[in-house]
Amino acid sequence: MAEKRNIFLVGPMGAGKSTIGRHLAQMLHLEFHDSDQEIESRTGADIAWVFDVEGEEGFRIRETQVVADLTEKQGIVLATGGGSIQSKEIRNNLSARGIVVYLETTIDKQVARTQRDKRRPLLQVDDPREVLESLAEVRNPLYEEIADVIVKTDEQSAKVVANQIIEQLGF
């Protein structure tokens, strides 16, 4: 691969963006970045704390800056936060600076993959399924709008999905 390309993974919570992203980066010899981990690194606090102290709006401001910074790099795989897609600025940066891969999954899989994860502030409610359905209604059309490639992640291992992405991108 003479030209260093960026691959940006978008999709809902529990789609496997971070896990698949790590495999993809390793297989393609690219740097891996996770926007949520970068926010935690810069703030010295976990995402739940940022949400508690700054609210979702404060978190989204940080997320927009982190994604802007990371998408300036070359030769990376970036796992974005599930809600980052709602920012027009982030959508524009992702579309302009790399290949956008939408990791699609079902609500059932999201529930199964996230039910014990206390680090997801939006799901710390009585009915996380209802929240996930509501988020999907708003976000799924945005994922589809900017995706160069759509890959289903439901019944496959992260490594298999990473291989499918490589195949679809012709790398």
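Cβ coordinates are placed from backbone N, Cα and C, and glycine is handled just like the others.
Since we're looking at a predicted model, the values are computed, not measured.
Feature annotation from Swiss-Prot assigns ATP binding site to Gly14, Ala15, Gly16, Lys17, Ser18, Thr19, Arg120, Gln156; the stated evidence is sequence analysis. Residues or ranges marked as Mg(2+) binding site in Swiss-Prot (evidence: sequence analysis): Ser18. Here Swiss-Prot flags Asp36, Arg60, Gly82, Arg139 as substrate binding site, drawing on sequence analysis.
Proximity to Gly82 (substrate binding site), defined by a C-alpha to C-alpha distance within 10 angstroms, is shown by the following binding-site residues from Gly14, Ala15, Lys17, Ser18, Gln156: Gly14, Ala15, Lys17. Every protein chain shown contributes to the tally, and the Cβ of Asp36 (substrate binding site) ends up with 22 other Cβ atoms within 10 Å.
Rounded to a whole number, the C-alpha distance linking Ser18 (ATP binding site) with Arg139 (substrate binding site) is 18 angstrom.
Across the structure, Ala15 (ATP binding site) and Asp36 (substrate binding site) place their CA atoms 15 angstrom apart. Other C-beta atoms found within 10 angstroms of the C-beta of Lys17 (ATP binding site) number 29, with every protein chain shown included.
Excluding Asp36, Arg60, Gly82, Arg139, which define the substrate site, the same chain contributes Met13, Glu63, Thr80, Gly81, Gly83, Ser84, Ile85, Gln86 within 8 Å (Cβ to the Cβ centroid), listed in sequence order. Applying an 8 A CB threshold to same-chain residues 6+ apart, the list for Gly16 (ATP binding site) reads Leu103, Thr105, Arg113, Thr153, Ala158, Val161. Over all protein chains present, the Cβ of Arg60 (substrate binding site) has 17 other Cβ atoms lying within 10 Å. The number of other CB atoms found within 10 A of the CB of Gln156 (ATP binding site), across every protein chain shown, is 15. Secondary structure at Arg139 (substrate binding site), as computed by DSSP, is helix.
Of all Cα pairs drawn from Asp36, Arg60, Gly82, Arg139, which the record names as binding substrate, the longest spans 18 Å.
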